[in-house]
Amino acid sequence: MASMKSLATAILVVLLLAALSREGRSQNCSAAIGELMTCGPYVLPGNNGAPSEQCCSALRAVNHGCLCETINIISSLPDHCSLPAVNCAA
């Protein structure tokens, strides 16, 4: 379970770094993505608990375009690391 928490934290750090390193990205977007670190416990597989109000508030503060672009950046990471694409079909 500790390794899953570490993985979730690493993913959120990557989110933050991706948002911060993107040219032309506003500071508001970077700060909002950084606030999503409070959602770390809720992105682990098997977590059935409700997110905290702090997490929900941070998510509400993120601009839709900023969130989508950050997700797209994360989706491209395997390709940039010479890894196969991840297919998360439901």
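Note: Cβ is positioned from N, Cα and C throughout, glycine not excepted.
Per Swiss-Prot, the disulphide partner of Cys55 among Cys29, Cys39, Cys68 is Cys39. Cys81 (disulfide bond) sits 18 Å from Cys88 (disulfide bond), counting Cα to Cα. Residue environment of Cys29 (disulfide bond) contains 20 other Cβ atoms, counted within 10 Å of its Cβ in all protein chains. Of the listed disulfide-bonded residues, namely Cys55, Cys68, the sparsest CB environment within 10 A is found at Cys68. When the Cα of Cys29 (disulfide bond) is compared against those of the disulfide-bonded residues Cys39, Cys55, Cys56, Cys68, Cys88, the shortest separation belongs to Cys68. Rounded to a whole number, the C-alpha distance linking Cys68 (disulfide bond) with Cys56 (disulfide bond) is 17 angstrom.
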